[in-house]
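The structure under discussion appears below in the form of structure tokens.
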Amino acid sequence: MYRGRRRSGRSGDGMLFILAFHALAQFAGRDQKPPVTAALIAANVLLYLRPGRLDDVLPSVSEVCLNPHLILKNLDVKRLLLSAFYHADEAHLVYNMLSLLWKGVQLESTMGSLKFAEMVAVLLGLSHSLVVLTAKGLSVFWGYPDALYNHCAIGFSGVLFALKVVLNWNSPTFTNVYGIMVPSRHAAWAELLLIQMFVPGSSFLGHLCGIMAGLVYVHHRRWLTASGLFGALFRSWSWFWRRITGRPSIFGRGRLGGDPRENNFPEDHRGGTSEQRIGGGSRASSAVWRCRACTYDNFASLEYCEMCDSPYSDGASSSGPTPSAPPMPSGSMSVEDLRRARLARFNR
């Protein structure tokens, strides 16, 4: 997330071509493509390029940038949404989209496309709303100068910081953040400080509110998604999708919080972070239980899966170590039987 107006000069489309080639190569190498992640990347790139008549139709950066003063004064709600899809220059766009590609594939393949889209919408609205409220509070109650209240910010990085918090919340690994080893759970905080130190023009408040939005989501996710407008809309769409296609509205399932290199995806935006296993351990060997529905590893103290809200299948007490769910005996099943078993599980 950058402050100020969009930079007028462009150095060429070289970095955009690299981004497009990289994204196509990664998507082509997967059996299933994450549609929501692909759509978000396409929307960001399209709004940056503004091809053809779109340049005349789309609003300018000054009309959509995240300006707390203008949002509250004119009730200009569109700035809360559109400001995330505008970027200052090619480097800003490329770094954010590489980060979105890495985080989006892992989260969408674990949560399912609809739940991932719902989460992105919640995090976008929550992070940008926190920016507006925090800037207003600093200006009114603490007599802080109006620099934060009147400045403009653009970019998807606030949402990316929130996604980083969600992705690494239960990760037991350590992360290399620009050469500094920190627990993955706290990597977003380290990256916040380092980006503010070495990337001029970045929005500290926007990134900070992204982290806060991620923390609110992981602690109150069921309240944010299972009720209210977002929950009703996505439950209706899920029911409608099943009625039309006869299939559950999901993208796929997989393990969350592992090494990004296992999926052959870039480690993080700006080339500064990577996740490594320390001591050869894994969550399966700690006090965790694995959800049978989405294979997400949860802490033993939790009675519901943090990703899909499924209850602990064995009904055991949440205290003490809990074994992971046993794998399916696929060796004694034919391919067709295995496919039917998976469909039956998803259609429950």
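Keep in mind that glycine also has a Cβ here, set from the backbone N, Cα and C atoms.
The annotation compositional bias 'Basic and acidic residues' is assigned in TrEMBL to 256-272.
The feature domain 'RanBP2-type' is assigned by TrEMBL to 283-314. Mean model confidence for the domain 'RanBP2-type' (283-314) is a pLDDT of 68.
Residues or ranges marked as region 'Disordered' by TrEMBL: 255-281 (among others).
Taken from TrEMBL, the feature region 'Disordered' covers 312-339 (among others).
TrEMBL lists 1-30 with the feature signal peptide.
Packing against the transmembrane segment (120-142) from elsewhere in the chain are residues 36, 40, 66, 68, 71-72, 80-81, 83-84, 148-149, 153, 158-159, 161-163, 166, 205-206, 209-210, 212-214, 216-217, 224-225, 230: each is 6 or more residues past its ends and has a CB under 8 Å from a CB in it. Feature annotation from TrEMBL assigns transmembrane segment to 120-142 (among others).
Annotation source TrEMBL lists transmembrane segment at 148-167 (among others).
The annotation transmembrane segment is assigned in TrEMBL to 188-217 (among others).
Look at TrEMBL and you will find 223-241 (among others) tagged as transmembrane segment.
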